[in-house]
Amino acid sequence: NKSRKRRNRVSFLGAATVEPPKPIPLTWKTEKPVWVNQWPLPKQKLEALHLLANEQLEKGHIEPSFSPWNSPVFVIQKKSGKWRMLTDLRAVNAVIQPMGPLQPGLPSPAMIPKDWPLIIIDLKDCFFTIPLAEQDCEKFAFTIPAINNKEPATRFQWKVLPQGMLNSPTICQTFVGRALQPVREKFSDCYIIHYIDDILCAAETKDKLIDCYTFLQAEVANAGLAIASDKIQTSTPFHYLGMQIENRKIKPQKIEIRKDTLKTLNDFQKLLGDINWIRPTLGIPTYAMSNLFSILRGDSDLNSKRILTPEATKEIKLVEEKIQSAQINRIDPLAPLQLLIFATAHSPTGIIIQNTDLVEWSFLPHSTVKTFTLYLDQIATLIGQTRLRIIKLCGNDPDKIVVPLTKEQVRQAFINSGAWQIGLANFVGIIDNHYPKTKIFQFLKMTTWILPKITRREPLENALTVFTDGSSNGKAAYTGPKERVIKTPYQSAQRAELVAVITVLQDFDQPINIISDSAYVVQATRDVETALIKYSMDDQLNQLFNLLQQTVRKRNFPFYITHIRAHTNLPGPLTKANEEADLLVSSALIKAQELHALTHVNAAGLKNKFDVTWKQAKDIVQHCTQCQVLHLPTQEAGVNPRGLCPNALWQMDVTHVPSFGRLSYVHVTVDTYSHFIWATCQTGESTSHVKKHLLSCFAVMGVPEKIKTDNGPGYCSKAFQKFLSQWKISHTTGIPYNSQGQAIVERTNRTLKTQLVKQKEGGDSKECTTPQMQLNLALYTLNFLNIYRNQTTTSAEQHLTGKKNSPHEGKLIWWKDNKNKTWEIGKVITWGRGFACVSPGENQLPVWIPTRHLKFYNEPIGDAKKRASTEMVTPVTWMDNPIEVYVNDSVWVPGPTDDRCPAKPEEEGMMINISIGYRYPPICLGRAPGCLMPTVQNWLVEVPIVSPICRFTYHMVSGMSLRPRVNYL
């Protein structure tokens, strides 16, 4: 045919010759030669290596070489006594661009139509029949050394795919796939599976299979490939990809698990990996392997010791029994597939069937991501996972899905469960709850905890109401028909509250409504009845959650639990009852408050005398009007608190820069006083990465007094708290899911990313090739070069010297008290972009105010005269000529001696914004509509705006005292 003619050429003698296959070139990260020295070899191995090299040379697989590349070569002896040559290509693989897998997973033999005859072949030395591209051969050179260097070493290079090369499997798959493509096109009604160098052919009849195989032989030979004649299988049982295939059944090949080699985490990890690979055939539910999975917990070091427990030994025995007896079925290509979901213990189990024939099992992982995973959510996840598996196997959705739910429960799941909606998205088949009658599923251990039976989502009528509370001092309590205080060993308010809820569920054997001020405990109690509880390294937490689940499931009466916000001062019986529960656990706090009101003892003394936390003790002192201190500012609504000096307060966050690849996690820290930024790019955002970043910050910025972060796991872990404690650093977090509390660092993230984009798209910094180099250049620009609005120095200068050079520091200011809706006078401590920190007065805490709630203070004329006589200001006599006023100049103008027109700008049509007298709002003075024209006597002139020389003529008339603040509107 035409395709055959294209592949053949006619020589000058007239004989047909096979055109050599076209090699697939490799892509290299560098052309710089990689040379790894050959290590010495014992004489016996050296002789074997010479023999093997000569054999490969005769076959044309290698050739002599003078390449600047070199990889070590060695030999190993097989059980048969024969030697095998191997090349250590790790260094070369590191500079090869990976091609990626073409078959990410094994094909399932269950998709082979039942009763179809098979032929299975194995390609002989497949890698050695596929040529390397000519330009790539020199990269795979090796050296055979000489003993005592008594003669020159012999050097060769591979001409075919070497064993151990990174892309050899992918090139092999591509090469063999090209050879089989004409076979697939001509025999499209045959079922052909190809994996690496193993090929399976199935056809409806033997004659068609023989025709297909004959054509396949020719195509394989034309491609330069050879079939291993001793590995052709034509009769049952067939062995393919670890499975034993019969006419209708498929069984795993018989193996025995060696238990004496199971010593370390790595040993068990490999064992469970192998078992998981054949579990879809064995049908071992997740609950039946829980003890084996539990061995993987603990130390993550691969060489850490592990012990095979008696329970895990029984589970291994079960696996061995299943290997001996388990089987699945080949499919009927004309019949649809169905998915059955069984409510088994621990997690649901899925089974793909055709009629009543088992095709494959499906399971969920033993470990979950969430602390509580509802059983209904697990069913939905398993449905979505298995639907994708069925589509991958046969290209179609299952015809029917059978679930352990009633029609009404399915309807409610579509309404209320997001996981259910995702798992069944775009499914157009049948959802049923009638299982086929067969004995193959009877061994499964079922659970009845699919949907909640005891927990209610709405308040119960005619039921008792109980309020719970817990304290970090270890006390738990509840109030209601009766009161009870429980002493717990926990130093966590949430855990104490959890004990309170468990106690209520145990003490009240009747319908109850529970009200708690812990949202975390409420959500956990709502979900725990049907949830799979994720294992935690915290044994106390595991015990509490398991006890809570057992308590809920043992109840005979329903309950409802809801959340109430604590300390809201709202009217009503719910708030009052919750406060009563609070009082039961906070008696020590009340006594501490009483002692401080009497003696004003400091926070350390309160913590030493009473069972209160540091935060509670500090709050008592800070809320005392006699004990307030200047360096503990309160937070005004709408403003992020800043530090009042370098390293007083940092904000820290993790942002993502996708262009950095593996190092896309960029940890960012900003000093809220100086706005000095430091960032490091890392491979993750766990606690270890955060600590690594902070140590880098300490080396550059110093050690802070306080750090504020979000509520990410890396910042809330015990390891991170211990790290901060060692460095004597205070730590606070913002409100969960509310980024406004981290506004400074969030804005810094945006600034840093913008700078990176500027450098990448418009910079001339080709030497910055790595992510950290790009980051360092951006940080240098932002810290040492940029000067921001309202500042006269860089962030680095401010951070190192502690000087901000703000023109308004120390000046009087009007600030708006949003709580009382009044304007008060204060003194500016620091002034930044869009914010200021103001001291309201002596013995009062500073407040952070948005600049939109600030106005410049205008002192009475008497105070102005006194200040003019004591401060370095320039006295000026009244005159008709303009007075030159510079930025930040202060000029006291004496009163006039005659009557003139009201004050106005010399420039036509301009206006002056003037504050009159004391505690009055600013008014507009000038010719424009709406401006007043008051008479004036004296005023102090200041020009706070950045502008060139301002020339004004001031006309003096008798009247009230005022001071103008010049602002062009």
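Every residue, even glycine, has its Cβ placed from backbone N, Cα and C.
Computed from a predicted structure; not experimentally measured.
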Determine which of Asp432, Asp517, Asp527 appears in Swiss-Prot for the same Mg(2+) 1 site as Asp469, Glu497.
Asp517
According to Swiss-Prot, zinc finger applies to one of these ranges: 125-166, 335-376, 587-628. Which one is it?
587-628
Scan 76-124, 174-222, 811-859 against Swiss-Prot and say which stretch is down as DNA-binding region.
811-859
Using a Cβ-Cβ cut-off of under 8 Å, list the residues of the same chain that are 6+ residues beyond the ends of the motif 'LPQG' (161-164) and lie near it.
86-89, 93, 127-128, 130-132, 140, 171-172
Model confidence over the zinc finger (587-628), averaged pLDDT:
63
Starting from the Cβ of Asp469 (Mg(2+) 2 binding site), draw a 10 Å sphere and report how many other Cβ atoms land inside it.
28
Go ahead and report the DSSP secondary structure tallies for the DNA-binding region (811-859): helix first, then strand, then coil.
3 helix, 29 strand, 17 coil
Tell me, by DSSP, whether Asp469 (Mg(2+) 2 binding site) is helix, strand or coil?
strand
